[in-house]
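Feature annotations, reproduced from TrEMBL:
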REGION    27-48  region 'Disordered'
COMPBIAS  35-44  compositional bias 'Basic residues'
REPEAT    205-238  repeat 'TPR'
REPEAT    239-272  repeat 'TPR'
REPEAT    315-348  repeat 'TPR'
REPEAT    349-382  repeat 'TPR'
REPEAT    383-416  repeat 'TPR'
Amino acid sequence: MFPVISNGIDRPPSRARKIRLIFDRFDANGDGRPRPSRNGRASRRVNGPAVNFTPYQLPSVVDEVFRSYSDFIPNPSVGLSLVGLIQTYNDGAGDVDRDFAALFPDADTNLDAVQSPNPNHEEVDYESTRTAVEELEIAIKARIRASRLSAVAKDPIPFGGWSTDLSSEIDRARDENSSETRAFSKKLREIRLRIDQSSTTNEAFAGHMAIGRTLHDRKLLDEAIGSFRRAIELKPTDARAHYQLGNSLMSLERSSEAKDRYSTALKLAESDSIRWANLLPQVHVNLGIAMENEGLLINASEHYREAAILCPAHYRALKLLGSALFGVGDYFPAEKALEEAVLLKPDFADAHCDLGSVLHSVGDDERAMLSFQRAIDLKPDHLDALYNLGGLFKDVGRHRRASEMYARVLEIRPDHWRAQLNRAVCLLGSGEDREAMKSLSEAFRMTNRIEVYDALRRLKMLKRRREEGCSVSWIVEDASKFKLVGEKTGERKLLIDALRIREIQRATKLGGCGVEVMKKEMEGIEARTSERSIRKSELELVLRRLLHFLPPETFQSAVRAIDRKFWAVLDVTGSGKIDYKMFFAIISPICYGSPEKRKRAAFEALLCRASNGGVKVHVYLRYLRVVYLPSLGFTDLIGISGGGEDVDISFREFIDWFDDPDRGFGVMSSLVKLEAGDRARRGNYSCGVCKYRVGGLMLKETSSHFCLCASCYSECRVPFAFQREEYKFKEYIVE
């Protein structure tokens with residue numbers, strides 16, 4: 001199983017942890033009592049430019065805080081205790097999230113914090129902007145209090161303090177007709193109207209950006225989006241507004257819209273790269289994350305790489321780059337990027353975890369184990385590190401240790417069905433059949449997957465056979481003993497090839513890609529460029545549209561398989577560019593559609609590729625045999641595209657070449673029969689060897705009347721009890 005990749009987004013520190021860090025920042029001598037002078041500096045720091053204190057106001061504010069919380073100050077000359085600071089936040093006198101962000105601007109929190117509050121520090125400090133932010137803060141606090149009081153009236157159980165994170169409040173009071181929502185919306189409209197009446201466009205833009213960021217920080221994301229959209233209306237060419245709007249959309253998991261906004265921000269920032277030098281790396285990182293959320297790992301890796309080039313100390317960009325490269329199978333560049341990330345930030349648990357996955361993939365299991373363990377030491381509940389370490393132990397045969405790792409994963413997340421399934425495999429490997437069966441039953445209960453049910457059924461059968469003292473239940477016979485009955489029964493050799501192609505079809509998911517849609521995409525590329533070859537990143541975008549029905553993770557797995565099976569052959573020199581028409585011609589035989597339509601799509605792709613009206617049919621057929629029939633294949637991959645003139649042939653002549661078993665594909669009919677198995681997975685017949693239910697293609701021995709699935713038939717397996725000198729098989733399609 002492919003290792004789990006950490007998403008590269010650290011979970012935010014807990015509220016208590018944030019308060020502790022704020023307290024420690026101003027407890028310079030470590031006596032546990034920040035003094036009044038330090039609290040004054042704290043007030044100035046956390047309020048920033050939004051609030052200007054006079055030399056007389058600041059001491060008054062600090063004195064008022066000390067008087068209000070005198071119970072937590074045993075000695076006025078020493079200062080406020082940690083418990084006292086916690087109480088001030090519980091009472092709503094401060095905003096934990098904003099204070100923490102102001103004091104630790106570079107702290108790793110969530111995706112929203114990949115941005116900096118003002119990446120270029122360009123906005124002019126307007127008095128109207130400060131006033132608008134202050135009024136908005138007051139309105140937010142009023143909404144919090146009203147919502148809390150309303151909740152207390154319904155449920156008088158006391159709660160643990162005030163919070164400025166409105167996400168839970170909004171979930172509870174989403175009703176647009178509630179008095180709290182109406183009052184807040186009215187106040188927000190008034191603030192926006194006053195900002196729109198500013199004397200200059202720049203002042204109005206700064207105001208909408210400021211209140212948009214404030215709303216975003218308070219998790220009022222829909223309202224923040226409205227402010228950023230208004231800012232874009234005022235200054236459409238300002239990259240910051242598009243970037244901030246993308247952040248809010250991303251926080252709402254609207255990745256596609258966020259990607260569009262980040263792309264716009266990137267174009268604007270690149271048009272004046274000196275002015276937006278600080279913003280550019282962040283735009284690249286967030287655009288990469290948005291693309292990765294849609295499964296576009298190749299495109300994401302390009303943006304992470306650009307961010308790392310622009311800002312070499314950006315350890316998060318390096319980590320994300322390494323993870324993305326690993327996801328597409330570029331292991332050695334991934335290893336280098338992740339090693340650089342942990343060098344810059346040694347306590348980066350996610351980077352250690354992903355480095356372990358890369359090292360395991362290249363066979364360096366000792367270092368991989370150390371990397372996984374380092375991630376777990378830094379973060380004992382690191383789910384991905386525990387799961388991947390379990391996978392490593394399983395792969396090297398240490399089943400007991402692997403089952404322990406999977407058990408720890410299940411303690412943290414009881415619904416992790418993959419961990420439950422792998423634990424069953426490891427328990428079986430260590431001889432604990434009873435526990436393995438329990439774990440497998442639990443995995444089936446979680447997923448109801450037919451594959452898990454079949455595995456559970458087979459496990460019970462094997463256990464019963466061992467208890468009954470049964471020996472080997474099947475043998476492998478010589479292929480010459482297998483005879484065919486009926487004209488429709490295909491040759492075993494063709495079936496072996498079709499099974500291999502079927503595996504490629506499943507791995508790449510191209511069986512769900514319609515040939516008609518593929519032809520339209522090819523025409524679209526042809527209209528955009530006159531080049532014969534395009535970059536992999538552009539082809540990945542095309543594949544995403546063709547395989548739009550796949551979840552992002554499944555799409556990433558499909559692209560890995562396509563890269564390994566097709567692009568590696570078409571791009572032997574590693575240029576990063578693919579002859580897209582030849583690519584579409586090669587994948588046409590395994591796409592969705594009738595055999596006639598598949599052949600027509602391949603022919604038209606080759607015809608479009610030809611420069612003089614002819615078709616390089618010899619080159620195409622060599623590619624087909626290298627990709628799908630390697631046992632008959634071509635060893636010189638660099639020379640595969642050479643030789644053979646363009647041949648001016650008709651479609652009917654092309655079909656004759658294509659269906660020739662000696663020179664062409666020749667296995668289309670067998671492949672179509674195997675595809676029929678997807679529509680008959682729950683057949684009533686079981687294979688006499690593997691005991692799995694047969695769907696689609698089935699071979700029945702006419703004398704002994706036992707049945708074989710296509711896989712066991714291709715491997716010449718027969719039940720031990722039915723040994724004969726000759727076997728006559730007839731082909732059936734189980735509907």
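Placement of Cβ uses the backbone N, Cα and C atoms for every residue, glycine included.
Secondary structure by DSSP for the repeat 'TPR' (315-348): 27 helix, 0 strand, 7 coil. With DSSP classes pooled into helix, strand and coil, the tally for the repeat 'TPR' (349-382) is 27 helix, 0 strand, 7 coil.
For the repeat 'TPR' (315-348), the predicted model reports an average pLDDT of 95. Secondary structure of the repeat 'TPR' (205-238) per DSSP (helix as H, G, I; strand as E, B; remaining residues coil): 27 helix, 0 strand, 7 coil. Each residue in the repeat 'TPR' (383-416) gets a DSSP state, and the totals come to 27 helix, 0 strand, 7 coil. Summarised by DSSP class, the composition of the repeat 'TPR' (239-272) is 30 helix, 0 strand, 4 coil.
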